[in-house]
Each structure stands twice: as C-alpha cells, then as structure tokens.
C-alpha cells in the first residue's frame with residue numbers, strides 16, 4: 001500500500017503541494033463560475049497570456065527531457081542510462097500538466113479535441129501542434145512501459161520515435177509563432193530554432209536538479225558516477241547556454257539594425273520597456289550569465305553549484321517563455337488602437353491566472369513525487385570482473401553472455 005507522509009519532512013512537502021493545488025483548484029472554480037473574460041486579464045488585443053507561455057514551458061521541457069533520455073537508450077551513451085526512467089516519467093507528467101494548463105486557457109477544450117479529430121485542418125500549425133504532442137504522449141507512455149518491463153528493443157524503437165517527435169513537436173510549436181507574419185517579433189526561422197535549443201536547456205537543467213535531489217533526499221553521498229553525470233550535464237548546459245546567448249545577441253543586433261516595424265518596438269519592450277526587468281534580471285542575468293559563469297568557475301564546480309546553476313536556468317527559461325509570448329503582442333497591429341500606454345498595449349496576469357500556474361506546478365511536483373514512490377526508477381550498475389561498470393539499459397539486467405563479453 002502506498003504510504004504518503006512517512007516522515008515529518010515528507011508530510012510538510014505534501015502539505016505544501018496540497019496547498020498549491022488547492023489554490024489552483026480555487027482558481028479553476030472561479031474560471032468556470034465567473035467566466036474567462038471576468039477572471040483573465042487577456043483581451044482581444046493581447047489574447048495569449050501567462051497560461052500560454054506556461055504551456056510552452058511545460059511542453060518544451062518535456063521535449064528536452066526526452067532528448068536527454070534518448071542519449072542513453074537510443075544513442076548508447078553510458079552515462080545517461082541511469083537517468084532515462086526518471087527523464088521519461090517526468091516528461092510524461094510535465095506534458096500532462098501542460099495540457100491541463102492550456103485546457104484552462106480554452107473555454108471548450110473537449111470540443112476542440114473532438115473537432116480536431118472529426119474535422120482536422122491539416123494546414124494549421126496549431127492542429128499539428130496538438131496532433132504531434134498527443135501522439136508524443138502516447139509514445140512516451142509506451143516507452144516508459146518498455147523501460148519498466150526491461151525490454152531493450154522496445155525501449156530503443158519507442159525512444160527513437162520519441163527522439164524524432166521531441167524535435168518535431170517544439171519546432172512545430174515554434175512554427176505556430178514563426179508563421180505569424182503579422183507579428184514580426186515571432187515571424188521567421190528564429191522561433192523554431194529557439195524553442196528546440198531552449199528545450200535542450202530545460203531538459204538538461206531538470207535532469208541535473210532531479211539527480212541531485214535523488215541523492216540528497218536519500219541522505220546519500222555523491223559517488224563517482226553521480227558526480228561525473230552531474231559534471232557532464234553541467235558541461236552540456238554551459239554549451240547550450242553559450243549557443244543561446246549567441247542566438248540572442250544576433251537576434252537583437254539584426255532586429256535593431258534593420259528597425260523593421262513591429263520587430264524594433266518589441267525588442268525595445270524587452271530592452272527598456274514594460275518587460276525590461278524580466279529580460280535583464282531573469283532572462284539575461286539569472287537565466288544565462290550567472291549559470292554560465294558558475295559552471296565555468298572551478299570553485300562552483302560541485303554538485304551543489306551545478307544544481308544551483310540548473311535551478312537558475314529553469315527560472316530564466318520560465319521568464320523567457322513569458323517574455324517571448326507577451327512581448328510579441330504588446331505592439332499594436334491595428335491602427336487606432338486606443339487601449340495603449342506610450343503606444344504599447346499592456347498585460348498583467350490576474351490572480352486567477354497565477355493561481356492556475358501555481359496549481360499546475362504543484363500538481364507536477366506532486367505527481368513526480370508519487371512516481372518516485374510507485375515506480376522503481378533506479379537503474380542498477382553491475383561491477384564487472386575487469387573493474388569496469390556496466391549500466392543495464394533501462395533497468396535491463398546484464399546477461400551472462402554480456403558479462404562474459406566484458407571479461408574476454
């Protein structure tokens with residue numbers, strides 16, 4: 001029988017998550033009783049708010065986790081075998097929570113699902129977004145099943161399909177924004193590339209955080225494998241952050257130099273407008289510069305230091321999603337729009353929107369904590385006679401033949 005709250009710390013943790021989910025439930029009830037237009041601060045001019053940006057955060061993080069997990073059981077990189085089960089189950093949970101958040105953005109989510117199946121619009125990027133992530137969720141569940149059943153072949157092929165979808169889904173999600181020619185800030189090839197790169201950053205940072213907590217919550221010391229794995233994740237994270245900084249710098253250089261109408265104003269919203277604090281403090285400082293510097297500084301190159309860098313990166317990723325979605329809408333696209341201040345539209349999340357986001361994150365953490373209790377997410381290491389260590393792929397036991405192969 002599943003036992004929850006077996007220790008004082010665990011009881012406080014579940015109580016905290018329960019409070020967060022209760023706040024989220026209260027916000028959901030307010031939405032259904034009062035209506036979207038009364039509790040959300042979105043409008044006809046700014047139709048996409050923090051619920052959309054949070055959905056992007058959950059969905060893209062799911063893709064990043066799948067890409068990281070595939071390095072082990074698809075591409076055979078030994079260090080990533082041990083984290084595959086946790087990466088997949090966390091990806092499933094984050095995608096489910098992402099679906100829940102975006103469902104609250106829609107007034108009739110079930111009608112949308114029904115009509116998307118009965119009368120699909122194959123020319124719509126939004127339809128493809130729903131289709132790809134829907135199939136992706138099914139593939140992830142099957143992949144996790146094969147992992148838990150110790151089926152190497154099944155885990156490989158479903159992992160390969162998941163790897164393809166983990167690239168296709170966020171790039172298509174970027175296409176939802178990138179194909180909107182009326183919004184120059186989003187339009188173009190940057191959006192798909194940006195979401196794939198930041199998906200990898202989110203996935204890498206999440207696995208670093210999860211691996212650290214796995215060891216610390218069990219009052220264990222970091223063995224050589226744990227340290228090497230965290231340090232490897234840190235190097236990957238630093239590389240990806242460097243790529244992201246490169247892309248960001250050139251996006252601003254090209255946008256400011258060309259001064260394209262709509263693009264220039266949106267960039268100025270980030271540089272010195274309503275979203276400047278978010279951009280400079282959370283995106284640039286906490287999300288990129290500090291984690292990048294911490295990983296490259298030897299004195300911070302410890303399990304705790306790398307984990308702090310991962311947490312800061314995740315905070316930065318969340319605000320990047322928000323700024324990306326909102327900044328593209330604050331520049332009016334219609335002449336004569338009256339609801340402006342200094343020529344810009346305004347949007348601030350309502351309490352109901354913030355409550356739903358808080359509930360979504362609390363639910364995500366609650367489900368993952370339960371998953372750690374319900375499933376055996378550990379991958380065993382086998383010490384071979386020649387002194388090396390073999391990790392069973394997805395928990396698959398090393399056979400006598402494989403063991404013999406290592407000794408000859």
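Numbers run from 1 along the shown chain.
Just so you know, glycine gets a Cβ as well, placed from its N, Cα and C.
Just so you know, TrEMBL annotations are computer predictions that nobody has curated.
Range 126-146 is the one annotated as transmembrane segment, of 126-146, 378-398 (source: TrEMBL). Looking at which of 12-35, 153-173, 193-215, 236-257 has the most CB pairs under 8 Å to the transmembrane segment (351-371), the answer is the stretch 12-35. Long-range contacts of the transmembrane segment (153-173) within the same chain, counting only residues at least 6 positions beyond its ends with a Cβ under 8 Å from a Cβ of the stretch, are 56, 59-60, 63-64, 66-67, 69-70, 73-74, 84, 125, 128-129, 132-133, 135-136, 139-140, 142-143, 145-147, 192-193, 195-196, 199, 393-394. Contact counts against the transmembrane segment (277-297), taken as Cβ pairs under 8 Å, peak for 304-322 among the stretches 87-106, 126-146, 304-322.
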